Structure formats: C-alpha cells, structure tokens
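Feature annotations, courtesy of Swiss-Prot:
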{"type": "BINDING", "residues": "LYS46, GLY53, ARG54, GLY55, GLU99, CYS102, GLU107", "note": "ATP binding site"}
{"type": "BINDING", "residues": "ASN196, ASP210", "note": "Mg(2+) binding site"}
{"type": "BINDING", "residues": "ASN261, GLY318, ILE319, VAL320", "note": "substrate binding site"}
Amino acid sequence: MNIHEYQAKELCREFGINVSNGALALSADEAVEVAKKLGGNVWAVKAQIHAGGRGLGGGVKIAKNLDEVKKYANQILGMTLVTKQTGPKGKLVRKIYIEQGCNIKKEFYVSLTFNRAKEQIGLIASASGGMGIEEVDKNLIKTLNIDPQIGLKAFHAYEVGDFLGFDKDLNNKFYKFLNGLYKLYIATDANLVEINPMVLTAEDEFFALDAKMGFDDAALFRHENIAAMRDLDEEESSEVEAKQYGLSYVKLDGDIGCMVNGAGLAMGTMDTITYCGGKSANFLDVGGGASAETVAKAFEIILRDKNVKSIFVNIFGGIVRCDRIAKGILEATKLTKVEIPVVVRLDGTNAKEAIELLKEANIENIYSAHDLEEGAKLAVKLVNGEK
C-alpha cells in the first residue's frame with residue numbers, strides 16, 4: 001500500500017524527522033487560507049497523487065504571493081497529471097499540499113528499502129537529489145546493506161555521509177536524520193521510505209522536502225493508523241474489488257488476460273506469453289482456495305478490461321482442484337458474455353474431469369492446450385485472428 005506525501009510527512013514528524021510546515025487543501029480558496037496560516041512569503045503547491053515525477057509533469061509549483069497560490073491551486077486541482085510513473089493515462093489530482101518554502105543549499109537523495117537478495121535493509125544515497133535515482137550515474141550512488149539484527153549504527157551514517165561530502169558536524173546531523181528514517185521504516189513495516197530530495201538548508205539542517213512511503217499489505221493489521229490512510233481513489237478499482245474476493249490482480253497494458261494459480265506460475269505464464277510474442281493484460285492469481293464463484297468473478301474482472309482480446313487460463317491443480325476451475329469458467333460464460341477466445345491449460349488434481357466438463361459444454365470459443373508453451377502460443381495467435 002502506498003500513501004500520499006502529506007501522510008508520509010505526518011509519520012516523519014512523529015519520528016523527529018525535519019519537514020517543513022504544511023497542510024492539505026481541497027480547493028483554491030482553501031489553499032490560500034492554508035498559506036495565510038502557515039505564514040512566510042514562499043510556498044510550494046504540490047499535487048498529491050501516488051506517483052513520482054510530479055514536478056516535471058507540472059504538479060509542483062512555487063508561489064511567491066497569495067495570488068500565485070490561488071492561481072497554481074486552480075491549475076493543479078482537477079488536472080490529469082502524467083509522469084513517468086503514472087503511464088500515459090495519468091492520474092487525476094483531487095487534493096494538493098501547501099507547504100512553506102525553505103532555504104535550500106543542496107539537494108540529496110536517500111532511501112531505505114528491502115534488499116531481498118541479501119535479506120537486509122538497503123540504504124541508497126546520492127548527492128544528485130531531486131531526480132529519479134534510476135537516472136543518476138551509478139558512480140554517484142552509494143548503497144549500503146544494514147543487518148536488521150544489528151540495526152542502523154553511526155558508522156553506517158558516517159560512511160554514507162563521507163561519500164556525500166559531509167564534514168563531522170554534518171555527519172552527526174545526518175546520523176540523527178537517518179536514524180529517524182530507519183526507526184520509521186522498521187516501526188511501520190514499510191517496504192520503502194524515499195526522501196527525494198533530502199535538502200541541506202542554509203541553516204545547515206537536513207529536511208525531508210519530499211517523502212514517499214510504501215507498506216507491506218500483509219502487515220497492515222498491525223497498523224490501523226496507516227491502514228486508515230489508504231486512498232482507494234488512487235488505486236485501480238478492479239484491483240480493489242479483486243482483493244475483496246481473495247484474488248491477487250494487477251492491471252497491465254497488454255491484450256492477453258491471464259488467470260493462474262500461484263504467483264510463481266503467474267509470472268512464468270506472463271514471461272512465456274512475452275516469449276511467444278504477446279503481451280499480458282494483467283497478473284491474476286486465484287490462489288489455492290479458489291471456488292467456482294471466485295473463478296467466475298476473476299473472469300468478470302478480466303473482461304472488464306476492453307483491451308483484452310484473448311484469455312489464457314493456466315492452472316496446475318495442487319490444493320485447488322481443476323474441476324472447480326472448469327466449473328467456474330462455465331459459470332462465467334453463463335453470467336458474463338464471453339465473446340473473446342479462452343485458452344485453457346489444466347494439469348494436476350482432477351484435470352481429466354475438468355477437461356471432460358469443458359468438452360461436454362462444447363463452447364465454441366474455449367480452446368484446450370496440453371502445456372504452458374502451447375497455451376501461450378495459441379493465446380497470442382487468437383489475438384491476431386489466427387487459429
């Protein structure tokens with residue numbers, strides 16, 4: 001789960017991380033009132049969406065008077081903001097964050113995330129802040145792995161601080177800043193805390209000028225305050241609905257719908273589709289306890305995507321029985337008008353019974369495949385009108 005910048009900064013404050021004063025606004029008039037209350041003579045007007053690159057997309061403006069605050073608020077609210085992270089469709093801006101300006105001497109990048117290969121917490125830092133870390137020369141990036149059994153220590157901060165060119169006094173301040181970030185990361189079960197930029201002010205203090213946070217969904221039951229920050233407007237409606245039925249669904253931009261059991265098999269299926277010249281329209285894992293009803297719901301969700309031209313169902317029956325999947329497919333054809341071709345590959349528990357069920361139904365646009373590659377090739381051919 002991701003949260004907005006203003007929410008991430010609320011959490012930063014709780015852990016003693018310096019952030020500028022700011023508040024949320026839902027209208028241009030409210031933005032002006034917020035700026036008045038904050039005081040000062042420079043304010044940042046920031047679009048609040050779950051994506052980076054807002055500045056380049058026109059979603060962050062610096063206002064030097066209240067008239068400009070109102071003008072920029074009117075420009076940003078209601079706009080569809082397109083960035084590298086939103087995709088071409090962009091995201092609708094429903095709220096903005098008004099923040100006091102600060103005296104910036106230098107910008108940096110710093111983040112904490114989980115290094116799965118090392119099973120440690122990855123600290124990434126760069127003196128090139130304010131831009132996407134993927135665009136920075138690798139020689140300007142410092143990476144460090146922190147053993148969670150040991151935690152962040154002063155020597156970690158000093159090693160990174162030396163790389164960033166800090167003197168002793170700044171290293172001590174950087175350690176305090178970084179220690180707050182680390183405690184925030186651990187305490188909230190975050191999978192990402194990204195400060196871009198972290199700025200050094202004219203007063204030689206470190207501030208989080210922007211903050212991005214993501215969390216492990218499986219740990220949200222331990223954090224009711226964070227779960228309450230979820231903004232469903234920022235999430236794909238089909239993905240939200242799928243979760244309610246125990247389905248793991250992620251919408252993509254291809255034209256071959258996928259329905260698979262197990263995340264590993266799902267990723268392997270998508271790779272095979274790509275290898276065969278196709279492009280997946282989604283990731284969909286029906287899980288191990290799929291019933292005929294959940295399979296029918298999965299079909300309904302896939303078919304809602306008008307880009308989908310064929311569907312590939314790839315099931316290996318272990319816990320989930322293949323005959324349940326077959327019944328779900330047949331149920332889906334009764335409840336929803338399935339006009340596109342459906343390729344079905346079933347193997348494992350009750351696979352023979354399942355295949356017989358589909359044969360007996362004799363539905364014209366359901367095709368059977370014996371293995372993964374055959375199924376993927378057929379799904380790609382059917383998209384192109386071949387058989």
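In case you wondered, yes, glycine gets a Cβ from its N, Cα and C as well.
Location within the structure of each feature annotated in Swiss-Prot.
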{"residue": "LYS46", "record": "ATP binding site", "DSSP (3 states)": "strand"}
{"residue": "GLY53", "record": "ATP binding site", "DSSP (3 states)": "coil"}
{"residue": "GLU99", "record": "ATP binding site", "DSSP (3 states)": "strand"}
{"residue": "ASN261", "record": "substrate binding site", "DSSP (3 states)": "coil"}
{"residue": "GLY318", "record": "substrate binding site", "DSSP (3 states)": "coil"}
**Prompt:** Going along the chain, which residues six or more apart from GLY55 (ATP binding site) have their CB under 8 A from its CB?
**Reply:** GLY130
**Request:** Taking only the Cα atoms, work out how far GLY53 (ATP binding site) lies from ASN196 (Mg(2+) binding site), in Å, as a whole number.
**Result:** 10
**Fill in**
For ASP210 (Mg(2+) binding site), the nonlocal same-chain Cβ neighbours (under 8 Å, six or more residues apart) come out as GLU5, ILE195, ASN196, PRO197
**Prompt:** Looking at the binding-site residues CYS102, ILE319, VAL320, which sits with the largest number of other Cβ atoms within 10 Å of its Cβ?
**Reply:** VAL320
**Asked** Which of the binding-site residues LYS46, CYS102, GLU107 has its Cα nearest to the Cα of VAL320 (substrate binding site)?
**Response** LYS46
**Message:** For the C-alpha pair, I'd like the distance in angstrom between CYS102 (ATP binding site) and ILE319 (substrate binding site), rounded off.
**Reply:** 57
**Fill in**
By the 10 Å Cβ-neighbour count, the most surrounded of the binding-site residues GLY53, GLY318 is GLY53
**Request:** Give the maximum pairwise CA distance in Å, whole number, for the residues ASN261, GLY318, ILE319, VAL320 listed as binding substrate.
**Result:** 10
**Asked** Would you say which of the binding-site residues LYS46, ARG54 has the most Cβ atoms within 10 Å of its own Cβ?
**Response** LYS46
**Request:** Just report the maximum Cα pair distance in Å for the recorded ATP binders LYS46, GLY53, ARG54, GLY55, GLU99, CYS102, GLU107, no decimals.
**Result:** 20
**Prompt:** Say you check the Cα of ASN261 (substrate binding site) against those of the binding-site residues ARG54, GLU99, GLU107; which is nearest?
**Reply:** ARG54
**Prompt:** To the nearest whole angstrom, what is the C-alpha distance linking LYS46 (ATP binding site) and ILE319 (substrate binding site)?
**Reply:** 48
**Fill in**
Rounding to whole Å, the Cα atoms of ARG54 (ATP binding site) and GLY318 (substrate binding site) are apart by 45
